[in-house]
Amino acid sequence: LPGNAARALPAAVDIQPACLGLYCGRTVLSVNGSVETYGDCGVCPRGQRTDDHKICRECVGSPDRYDWLYLGFMAMLPLVLHWFFIEWYSGKKSSSALLQHLTALLECSVAAVVTLLLSDPVGSLHIRSCRVKKLSDWYTMLYNPSPDYITTVHCTHEAEFFFFFSPRYTIVFIYYAFCLVLMMLLRPLLVKKIACGLGRSDRFKSIYAALYFFPILTVLQAVGGGLLYYAFPYIILVLSLVTLAVYMSASEVEFFKDLLVRKKRLVVLFSHWLLHAYGIISISKLDKLEQDLPLLALVPAPALFYLMTAKYTEPSRILSEGGNGH
């Protein structure tokens, strides 16, 4: 019996309690051939997430096409807001708007490149990540288990993670930080030199606006990053349609000749078309080119519909016809 008990002891030691929680796992301590030794159940190290057997495995994948489209959307948000506020505060007589637009584009482009170069693998524009499987992967802090309903096992980590920055979460914060730093280094000097058509209090208003919307974007990503990940294509489509209708209505664009008179209106129209195409591509993912590419023919449809029906919805005409009816 003592010999049998001694031989049974290793088997008893190998028995481990179940690892609870969606994101708790066991770290691989050592590998001896095909035999792995695991640690206690807990949070996985950075750059790893649990597999189907609750074992922490290193993330070796890369973002797919939809992930890159999402990152492109998050990168476009500050740029579009920069352009909007630059145009809003530049004034009709200011000649500095174009240079400020180009500077904002330069700032965001450099910030994006630097962020990708600092990601793993360092010095490359490629990034390493784990795949997103479900919405809860964005909010692991809500799934820390409490086995005895008293003690909480903290397993919070970035499940859709890549080495130092998360390609869909933390990396966005790093990008916003670089955008803000570059704006503070470049834009004030530029505005001070070229914004001669504006008053002292107006020339820096676009920069002040950025100091407001960057914290808002940061909170939005921190709280609603997972929701944005799944909803951003539809957000793009709705916003592009609404803003195009508002702009054309405010600019009193009723006919095609109204667009040709001012080149600025054509630029705004093509910008909305690009956003609309981006939303369609994000929804379809271009998995089947023969089916998805024809959808891009719908891009100019909203603008054409507006131009063809604007004359029938003119308020003065509706009021005059209503008066004649009485």
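Every residue, even glycine, has its Cβ placed from backbone N, Cα and C.
Heads up, TrEMBL stuff is auto-annotated, nobody curated it.
Fair warning: this is a prediction, and the values are worked out from it, not measured in the lab.
So that you can see what the record holds, here are the features copied from TrEMBL:
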TRANSMEM  68-86  transmembrane segment
TRANSMEM  98-118  transmembrane segment
TRANSMEM  169-186  transmembrane segment
TRANSMEM  207-228  transmembrane segment
TRANSMEM  234-253  transmembrane segment
TRANSMEM  265-281  transmembrane segment
TRANSMEM  293-310  transmembrane segment
Who are the chain neighbours of the transmembrane segment (207-228) in space, where the CB to CB distance is under 8 Å and they lie at least 6 residues beyond its ends?
70, 73-74, 77-78, 81-82, 85, 88-89, 135, 137-139, 168-169, 172-173, 176, 179-180, 183-184, 187-188, 191, 235
Test of understanding: applying the rule of at least three C-beta pairs under 8 Å (pairs 6 or more apart in sequence), is the transmembrane segment (169-186) touching the transmembrane segment (68-86)?
yes
Who are the chain neighbours of the transmembrane segment (169-186) in space, where the CB to CB distance is under 8 Å and they lie at least 6 residues beyond its ends?
71, 74-75, 78, 82, 103-104, 106-108, 110-112, 114-115, 118-119, 127, 138, 158, 160-162, 207, 210, 214, 217-218, 221-222, 225
